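Remarks on the structure that follows.
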Amino acid sequence: MREILHIQGGQCGNQIGAKFWEVVCDEHGIDPTGRYTGTSDLQLERVNVYYNEASCGRFVPRAVLMDLEPGTMDSVRTGPYGQIFRPDNFVFGQSGAGNNWAKGHYTEGAELIDSVLDVVRKEAENCDCLQGFQVCHSLGGGTGSGMGTLLISKIREEYPDRMMLTFSVFPSPKVSDTVVEPYNATLSVHQLVENADECMVLDNEALYDICFRTLKLTTPSFGDLNHLISATMSGVTCCLRFPGQLNSDLRKLAVNLIPFPRLHFFMVGFAPLTSRGSQQYRALTVPELTQQMWDAKNMMCAADPRHGRYLTASAMFRGKMSTKEVDEQMINVQNKNSSYFVEWIPNNVKSSVCDIPPTGLSMASTFVGNSTSIQEMFRRVSEQFTAMFRRKAFLHWYTGEGMDEMEFTEAESNMNDLVSEYQQYQDATADEEGEYEDEDQEAEDDM
């Protein structure tokens with residue numbers, strides 16, 4: 001019941017995805033060959049959210065892996081859990097997208113997309129009651145951004161009533177991997193605004209900061225960053241996979257977090273994050289978790305929630321704890337920091353409690369917030385985009401693949417609209433509505 005189909009695209013998506021499957025296999029007690037070696041019946045009760053059970057009793061992830069070059073796929077295949085995936089579900093080209101969104105979306109990616117969709121259909125038909133799709137990709141490259149958004153829009157056409165959740169890695173403010181990131185990211189956001197239901201916004205710089213500051217790692221690797229992301233990914237869906245007192249699923253999350261359809265870009269966080277050395281001294285209590293979870297330093301994207309206001313937020317707790325205490329802490333947070341929540345959405349924090357904590361912890365929590373400060377991310381990308389687009393720098397790579405400058409202009413204005421919508425709701429107050437009604441009344445009186 002309630003299956004989720006996982007799709008990973010491009011180098012970044014495949015590396016995050018590989019780490020994610022390590023975490024989920026660990027939680028469900030499944031070893032690298034797909035056999036169950038766990039100890040608790042709860043691990044198997046709803047294992048079918050993420051796994052198919054094959055005839056020989058092996059568990060096979062409902063995962064589709066795609067890329068336009070074979071490199072990353074090969075390393076996933078030779079990695080610790082490489083043998084667990086269905087071999088047919090690796091779909092890859094040979095040419096690569098060369099960090100070019102147009103190649104991923106219109107030329108190279110478009111040639112490969114049908115074989116990816118075949119695999120997606122096959123997996124979807126295996127599902128009893130498909131809840132939705134989760135897509136891992138980055139927005140800075142070519143495949144994850146270009147082909148990723150192409151796949152999302154195709155799936156949207158075919159399964160319009162299923163949830164579409166993305167874990168999107170945005171270009172970082174200070175660290176740039178490629179020059180054309182702002183182009184690729186803007187073109188992708190243009191697609192995500194229209195076709196995705198929920199986007200979890202991540203970026204490497206914020207993740208590096210968490211590794212430096214909180215985890216005290218001197219030289220964090222991408223593996224460390226991806227581990228943080230996968231902890232959050234597993235937290236978002238833990239309620240579907242394990243019994244809980246207050247359940248949430250992808251659709252409940254969306255209903256509670258999205259006040260206006262276009263504003264579905266969320267900040268995510270995870271607690272407890274402790275450095276390896278100091279773990280044993282740390283008392284895990286609900287107040288501790290809550291405090292760290294709402295901490296600005298804990299957000300996995302480079303936007304500071306203190307610069308905006310929360311429209312809505314959701315806290316997912318895992319472990320044995322009293323629901324009363326969870327509710328008290330949530331109310332407490334809202335009362336103490338009331339200026340950081342919009343007052344025209346009362347009770348805008350949803351909490352859920354799942355009984356089974358992640359491996360190695362007694363309790364944990366995942367935070368998902370819809371904050372207007374996320375506009376900082378878009379604004380930054382937009383400034384970089386404009387600087388290059390004004391000079392038409394690097395455009396020939398895109399027009400050469402058949403794109404039109406008009407598309408760039410559209411994407412740019414769509415992103416700027418998004419920024420101003422966030423700004424508008426950040427400034428809105430509860431009593432404005434009343435003023436408009438008075439004006440309407442006066443207008444009628446004049447008539």
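Yeah, the Cβs are placed from backbone N, Cα and C, and that goes for glycine too.
Quick caveat, the model's predicted, so the values are computed rather than measured.
These come from Swiss-Prot:
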type	residues	note
BINDING	Gln11, Glu69, Ser138, Gly142, Thr143, Gly144, Asn204, Asn226	GTP binding site
BINDING	Glu69	Mg(2+) binding site
REGION	419-447	region 'Disordered'
COMPBIAS	429-447	compositional bias 'Acidic residues'
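Sequence-distant contacts (6 or more apart, same chain, Cβ under 8 Å) of Asn226 (GTP binding site) comprise Gln15, Ile16, Ala18, Lys19, Phe20. Long-range Cβ proximity for Glu69 (GTP binding site), meaning a same-chain Cβ under 8 A and a gap of 6 or more residues, is found for Phe92, Gly93, Gln94, Ser95, Gly96, Ala97, Thr143. Ser138 (GTP binding site) has a Cβ environment of 30 other Cβ atoms inside 10 Å. For Gln11 (GTP binding site), the same-chain residues that are 6 or more apart in sequence and have a Cβ closer than 8 Å to its Cβ are Asp67, Gly71, Thr72, Ser138, Gly141, Thr143, Gly144.
Minimal Cβ crowding within 10 Å, among the binding-site residues Thr143, Asn204, is found at Asn204.
Annotation for Gly142 (GTP binding site): same-chain Cβ neighbours under 8 Å, separated by at least 6 residues, are Gly10, Leu68, Gly96, Ala97, Gly98, Asn99, Asn100, Trp101, Lys103, Gly104, Asn184. Mapped onto three states, the DSSP output places Ser138 (GTP binding site) in strand.
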